[in-house]
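Colleague: The structure that follows is given in the form of structure tokens.
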């Protein structure tokens, strides 16, 4: 089976295995991890691979679900190891009506394969497995040891994934001079290498008014109206205040986007008395997360809800509080690190493109490694359809990614 055929087989099998993160109502990664283990052992037997270890670092999560983490290492007798870290979990399919195909049944069209997880993060899993095939079919002597790591829980903070590994088994798995790639990013042409990530702040605002009948707004306080206007004014205020530009990042500005707005009312004739609004903030390293929170605190204190609402119970005041759902500082990799130099050379040799260093707003597991002093490159090739309906990836790009990894090793 050639590389394209193998890529199609692997990607198709993975798409058929639903591994939605349990935090989003899914059953988790166990079945997908079992498939990956099976494929690894098939390669071990087919190519008579020696000096390998395959270890599982599993943990039971708060839902009682087993969350798998796999570390497959081959010792080629080198001082340094190349680690490639992919994640097993996916986000849900979202609004199924927006899909042109079944999200969990692979469909191939115009050289692309469609399905949930096809890009995020099957491209990492598939290219890692293809790399093994390339190494042993070409009988090379790699200049680094190889470590393929497949983790859980990337889509919801990595408490049961890479964070768990680093907190409990760091010295067993990693050395500070190792080379690490996280294939969880990518542009269609593959020249961008992510070396930094914005700070992340997820913040939920709890907006309390007073529930009443829809025909008598003067007896309550419409939390919807307060929430709509609060979110709109805060949105504009944050973008105006924190407006610095840094061209290395994609996008080059901080972002402050309201993503969730919900109340507890299901019938049309009740005015809601409580609304939740969630903002997803991605903050350039120019600013500290504390500065953003300070601005938000002042904004809440000065927000005048009365000018936005015509009829309400004058004895009631809107209450706005918040809780931080997630807060992570920005992180960087030294652009002169060995992994960056090696990856840039490989991109040039395989893709015939000059690598460009960039930062991004999305968070990856690279952050947790960088916080501990490791140099990590986040790289891949993709159609930029992660988390979207009709997620897909070019089949040839799965092979190209493996070829770039191979170029680093040979």
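The count begins at 1 with the first shown residue.
Cβ atoms are placed via backbone N, Cα and C, with glycine included.
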Colleague: Per Swiss-Prot, which one of 110, 120, 184, 354 shares the Zn(2+) 2 site with 155, 387?
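Modeller: So the Zn(2+) 2 site in Swiss-Prot includes 155, 387 plus, from the candidates 110, 120, 184, 354, 120.
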Colleague: Select one of 83, 87: the residue that Swiss-Prot places in the Zn(2+) 1 site alongside 120, 184.
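Modeller: So the Zn(2+) 1 site in Swiss-Prot includes 120, 184 plus, from the candidates 83, 87, 87.
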Colleague: Among all the protein chains here, how many other CB atoms are within 10 A of the CB of residue 120 (Zn(2+) 1 binding site)?
Modeller: 27
Colleague: Considering only the recorded positions 89, 120, 184, 387, which residue has the minimal Cα-Cα separation from residue 154 (active site, proton acceptor)?
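Modeller: Nearest by Cα distance to residue 154 (active site, proton acceptor): 89.
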Colleague: If you measure from the CA of residue 89 (active site) out to 10 Å, which binding-site residues from the list 120, 155, 184 are inside that radius?
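Modeller: Those close enough are 120, 155.
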Colleague: In three-state terms from DSSP, label residue 154 (active site, proton acceptor) for me.
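Modeller: In the DSSP reduction, residue 154 (active site, proton acceptor) maps to helix.
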Colleague: Rank the binding-site residues 87, 387 by how many other Cβ atoms lie within 10 Å of each Cβ and give me the one with the fewest.
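Modeller: Least crowded of the binding-site residues 87, 387, by Cβ count within 10 Å, is 387.
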Colleague: Cβ within 8 Å of the Zn(2+) 2 site centroid (120, 155, 387 excluded): which residues?
Modeller: 90, 91, 117, 121, 386
